[in-house]
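A.B. asks: Take a look at this one; I'll ask things after.
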Ligand code: BG6
């Protein structure tokens, strides 16, 4: 196990939603398995680990014991029962200090610097705050010279369009070097995304199959059952295009489509992802209107329970035009992918929670064994990210008995059956990477801005439209237009084939 050098993990926004749902539970998981450094207390009964400490920062005046009580009340419930460990939790809390900080007062950053000066090692500043606070926090850190020997972690959304994201990147970039900046896209931390890299670059047999000559189309879906979960006001400012397409879906697309990198170094991998993003065919009004579908959920049922429509969610105005669903076709104009449509789709309140990448292969050159072989997608590779990570290869096999009757069968690799034991969640992996100074799974500025550049014509087109998103009932797979989008190209979404 990799034991990190000493570090202090400074968590801004320590009483916010992200901290309590994701960051602190992930740090606890890593602590519990000893990945945050030696847990001395376990063996000696002495104090908690000294390799790393967490300094929680928020506006609210309180001391460390009060913050621990807050964690008991709010964080505990977000830790899954299978990883819960009462005594590790107590020792984990011992590693957490608290400091109230008023961002409006520069001198308070001096107090922070004074406090941090007593601790050796690298400093990690994790900004689990809204993006409007990124610049004031970075400036405060600079004023106290805390930008040296440190790393900064930025959460999405990083801006709401290209210009605002450039403004944040410029301001942060004037204070921190690019190799100090860790932009999180938590999809990159998912085990199955790592496995996709292993599948593509650790095996010789897939590479010859990974190209236009054999592939008919590729589909990437991130479907959620949840709605906006009480975050109506936030979501109103965001919508599915900014929340999921600009980042998670385009990152997945980049990993699926990239060329083998020169090495697995952070920049070598990120260079290749960037090349894919740059090869995406630019959209115009005509292609947006033809190839991009936006939807918004109405009332319906999820797992037989009635759920309200988006405009009935708290914080959402009744005439909201915000999209909770996007389906689109993207084209990659390069040698490997010319002519292969990439269909991307994401939405809230859909029929099932599933994230997967579906590679549909072309039909056989002619139907020697009958019509069953004449359909694209008879051979299909499905990489499921969640739930139940798996890789499944569909092919046709002969049914036993007389005649040549073919049936679809699949070869299956279900990861949890093959690999037993501790599985890291995305945040746990990414936070450990920050602590250990590994940048490969973080988004570089140019990639992030290129993704904004690509979605810009969609944002512009929608902002000029009076017609809002198309309605779909909660619990379905989005508006019918999402199916019609694929029908235009002679295809269908995977679940419609079954
Ligand atoms: C976040 C979005 O980035 O990803 C949320 O802001 C979304 O709206 C979430 O629910 C989905 O992540 P996961 O890991 O649960 O698929």
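Glycine too: its Cβ is placed from the backbone N, Cα and C atoms.
Just so you know, TrEMBL annotations are computer predictions that nobody has curated.
In case it helps, TrEMBL gives these features for our protein:
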type	residues	note
DOMAIN	10-195	domain 'Glucose-6-phosphate dehydrogenase NAD-binding'
BINDING	59, 102, 103, 156	NADP(+) binding site
BINDING	186, 190, 224, 243, 348	substrate binding site
DOMAIN	197-493	domain 'Glucose-6-phosphate dehydrogenase C-terminal'
ACT_SITE	248	active site, proton acceptor
A.B. asks: Taking Cα atoms as reference points, rank the recorded positions 59, 102, 103, 156, 248 by distance from residue 348 (substrate binding site) and give the first.
C.D. replies: 248
A.B. asks: Which of these binding-site residues has the least crowded Cβ, counting other Cβ atoms within 10 Å: 59, 156, 190?
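C.D. replies: Counting other Cβ atoms within 10 Å of each of the binding-site residues 59, 156, 190 gives the minimum at 59.
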A.B. asks: If you average per-residue pLDDT over the domain 'Glucose-6-phosphate dehydrogenase C-terminal' (197-493), what number do you get?
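C.D. replies: Taking every residue of the domain 'Glucose-6-phosphate dehydrogenase C-terminal' (197-493) together, the mean pLDDT is 95.
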A.B. asks: State the count of C-beta atoms found within 10 angstroms of the C-beta of residue 103 (NADP(+) binding site), not counting that atom itself.
C.D. replies: 16
A.B. asks: Give me the Cα-Cα distance between residue 224 (substrate binding site) and residue 248 (active site, proton acceptor), rounded to a whole Å.
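C.D. replies: Computed Cα spacing between residue 224 (substrate binding site) and residue 248 (active site, proton acceptor) is 13 Å.
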A.B. asks: Pop the Cα-Cα gap between residue 186 (substrate binding site) and residue 248 (active site, proton acceptor) into the table, whole Å please.
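C.D. replies: Residue 248 (active site, proton acceptor) and residue 186 (substrate binding site) have their Cα atoms 8 Å apart.
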A.B. asks: Hey, what's the Cβ neighbour count for residue 102 (NADP(+) binding site) at 10 Å?
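C.D. replies: There are 10 such Cβ atoms around residue 102 (NADP(+) binding site).
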A.B. asks: Kindly point out which of the binding-site residues 103, 190, 243 have a C-beta less than 6 Å from some atom of ligand 1.
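C.D. replies: From 103, 190, 243, counting a Cβ under 6 Å from ligand 1 as near, the near ones are 243.
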